[in-house]
Amino acid sequence: MNLTRAGARLQVLLGHLGRPSAPTIVAQPVSGLASPASFQPEQFQYTLDNNVLTLEQRKFYEENGFLVIKNLVSDDDIQRFRAEFERICREEVKPPGIVIMRDVALAKQDYMPSDRMVSKIQDFQEDEELFRYCLLPEILKYVECFTGPNIMALHGMLINKPPDVGKKTSRHPLHQDLHYFPFRPSNLIVCAWTAMEHIDRNNGCLVVLPGTHKGTLKPHDYPKWEGGVNKMYHGIQDYDPNSPRVHLVMEKGDTVFFHPLLIHGSGRNKTQGFRKAISCHFGSSDCQCIDVSGTSQENIAREVVEMAEKKYGFQGVMDFKDTWIFRSRLVKGERINI
C-alpha cells in the first residue's frame, strides 16, 4: 500500500468515523506476594481469567503493573526483525506509513542510510516482516490475559537506542504510555516489550516504578534537559523521586508486559553499541475513544495530529482519535469499537 492508497484509506475511515458505531515463565517479584489462600479472584482488576497466568503471576501484575516472561521470543524471529530493520535503515525497503526517527544529538549530522543514524522506527503496521511481531502466538497468548479475546495492535516500535555522545539524549524520561492514547479503559491496554539482545543499566534498560499503575494519568511535557530532548519524548512533570525503582535486566527474547499507567523510562546507553528492542501496544477492540480536549493530553494530541497531517497531506480534517484508529490493526478476534 503506497501513500496514495493510505490517503484513500484514511478518507474512507474518516467518513466511517462520522457515523455512530456500535516457554519458561519467571516473574521477578519486587514486593511481597500474597498467598493463594488469602487472595480471592474477585480482587483482580488488571488481569482477566484464563489458564495462562498462574495465581502468583496475576498477583504480581496486579501489585506491580508489569510481568517479565523469560525467553518468550525465539532467536530466529529476533534475527529476522533485526535484518528487516537494517533493510529499512539502508532504504532497501520503504514500507508505507513507517516513521523513521533520529536522536536529537545526531540530527545535525549528514544523513547516510544506515542503522547507525536511526534511533527508532514506528508505525510499522504496513511492513509484513516487522508486523509479524504483533501476530506472534506466544505474544498474543499473554496479551489476551490483559485485553481479552478481541485484540487490536495499536502501535509498533523498534527502538535502536544509540550510544550516548555525552549529551544524555539517549535517555527516555519517566512517563506513562496512556498519555499518548485516546483509548479507555486503561486496564484493557498492555504493552509487550521484547529485548533483542542483553539489556542492562549499561546500555539503557527499562526502569519501572512498581505499583504506579494504580494511580492516575499525570501531566506530561518535554523535560528541560540541557542536551535537548527527542521528539515526542514527553515526561511526567510531577512524581515522587523517592519512589522505589526497578531496573529490568533482560536477555534476548525476554518480554515484559506492562500497564499503560505504569511509570517507566530508560537511562543512557553508556556502551558503544546500539541497544535494540521491539514492542507493540495492544488494546481490546471493546475499548472506546475519548475526547482529550481540556485534559493533560491536549499537548501530545496537537503534536500527533500535526505530524499526521504533514505526513498524509490532510489539513484540518483529522483529530487525535482518527490518527490512532487509522494505524490500528485487528490481530485476534473481532473488531468492535476501535
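Backbone N, Cα and C atoms are what each Cβ position is placed from, and that goes for glycine too.
According to Swiss-Prot, the protein carries these features:
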TRANSIT   1-30  transit peptide
MOD_RES   K59  N6-succinyllysine
MOD_RES   K108  N6-succinyllysine
BINDING   K120, M157, H175, Q176, D177, W193, S266, R275  2-oxoglutarate binding site
BINDING   H175, D177, H264  Fe cation binding site
MOD_RES   K231  N6-succinyllysine
MOD_RES   K252  N6-succinyllysine
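Checking Cα-Cα distances from H175 (2-oxoglutarate binding site) against the recorded positions (K59, K252, H264) with a 10 Å cut-off leaves H264, in sequence order. Under the DSSP three-state reduction, K59 (N6-succinyllysine) is assigned to helix. The Cβ of H264 (Fe cation binding site) has F66, L174, H175, Q176, L206, V207, V208, L209, F258 as same-chain neighbours under 8 Å, each 6 or more residues away in sequence.
Listed in sequence order, the residues of the same chain lying 6 or more apart from K120 (2-oxoglutarate binding site) and placing their CB within less than 8 Å of its CB are I100, M101, M157, L158, I159, N160. A Cβ within 8 Å of the Cβ centre of H175, D177, H264, the residues given for Fe cation, is found for these other residues of the same chain: L174, Q176, H179, P260, L262, I263, G265. Residues K120, M157, H175, Q176, D177, W193, S266, R275, recorded as contacting 2-oxoglutarate, have a largest CA-CA distance of 21 Å.
Rounded to a whole value, the Cα-Cα separation of D177 (2-oxoglutarate binding site) and K59 (N6-succinyllysine) is 22 Å.
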